[in-house]
Amino acid sequence: MTDTIKTDVLIVGAGPVGLFAVFELGLFDMKCHLIDILDRPGGQCAELYPEKPIYDIPGWPLITAQGLVDKLLEQIRPFKPDFTYNRMVSSLEKLDDGSFRVTTDENEVLEAKVVVIAAGGGSFQPKRPPIPGIEAYEGKSVFYSVRRMEDFRGHDLVIVGGGDSALDWTLNLQPVAKSVTLVHRRPEFRAAPDSVNKMYAMQEMKELDFQVGQVTGLTGVDGQLASAIIKGPDGDVEVPCTRMLPFFGLTMKLGPIAEWGLNLHENLIPVDTEKFQTSVPGIFAIGDINWYPGKLKLILSGFHEVALMAQAAKRIVSPGERIVFQYTTSSTSLQKKLGVHD
Amino acid sequence: MTKLTFIAHDGTQFDVDAENGSTVMENAIRNAVPGIEAECGGACACATCHVYVDQAWTAEVGEPEAMEEDMLDFAYEVQPNSRLSCQIKVRDALDGLVVRVPARQG
């Protein structure tokens, strides 16, 4: 347990819309803290398609997704938002004073006057490989990430996948594990060529085993794996396996947000179109995660939603304070906040 | 117009008229073919528009390019006739193409 972090606005999701929310909220002097399950800002833009061009951002005939994220980070820098990465928000409770207490999956506690859900398509979570019965082993001998290398010491380890995670952990855990078998459906990898070369060199030295194929079955008792069956070009092979690390990429799931007592509409959060507030006052939803009649899942629409949400959030964070509508082009007070005047 | 046939996992058949130059994925979405998610919207970035190309058509449709092959690593139950439907462009030579939708996308 760490000390409770207090902020004005907690933003769940650091994708483009969550990032821009920092800007609009910042203009109204609200301090923001963002939580994201990824290890960096940008959401889908950073994780799914960083190099892809986007053509419908006003004023940018073409900008790459990562380029947009970089520009947004530059734009919100004056407001000094705090970021917590690699965390999923697991629970939310409303406190007596109307504020919210949020707990992460690592038991950090945050309190905020307003919660803004900008979670896009949901949280990125590891994809479960299509191996029958794998659920029974998850968390006991099948893991989707490495928290401590020691957990793999002395084990017959099977790593499945062909990207950097698979290759990096193959190389890093080889000295620790009793044996390492890497399984990938083809001899080509998506990983850094240097890692691939190292892996093949280690295979030459019989320090690890690389099998082309797919894991089609597991054996074991009470969640403890014993072996994995690999279907390869020459038929089935059974290899010893007491720990498995599948790296099949990420998929998006709504996750614990579904348990927060908000009304849902087909895994989306219905909001009004004046404030973009959910069924719980003080909790807003912006961007791809929300739903209202006519909703379009565009970054552009998310930006619009942010501007209106910020007005409503301000009324909650600073009740009774008069809200003055101002333009950044002419307002000296807004420009001061942006740091463009001394 | 080029005719495409989608066979959903439950066997339901969808015959659609597709415009040349559009992608097979776009036609699945336009015609609400169940099981094609296309989470990333056609950027070859997610492997949720995975289809199996009918054996009679694999030669004409061709092989995936390297980037698509990389994305296929993330697809569910990949087979030699697996393709991402967002990377197949409709053209005259594909008139009558049949693709099957897998049990699930990832």
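Glycine too: its Cβ is placed from the backbone N, Cα and C atoms.
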Given TrEMBL lists A:ASP36, A:GLN44, A:TYR49, A:VAL89, A:PHE124, A:THR329 for FAD, the same-site residue among A:ASP3, A:ASP164, A:ASP288: A:ASP288
Least surrounded among the binding-site residues, given as A:GLN44, A:THR329, when other CB atoms within 10 Å are counted: A:THR329
Filtered A:TYR49, A:VAL89, A:PHE124, A:THR329 - binding-site residues with C-beta under 8 A from chain B: A:TYR49
Site with most surrounding Cβ atoms, counting all protein chains shown within 10 Å, from the binding-site residues A:ASP36, A:ASP288: A:ASP36
Number of other Cβ atoms within 10 Å of the Cβ of A:TYR49 (FAD binding site) across all protein chains: 19
Lowest local Cβ density among A:VAL89, A:PHE124, which the record lists as binding-site residues, within 10 Å: A:PHE124
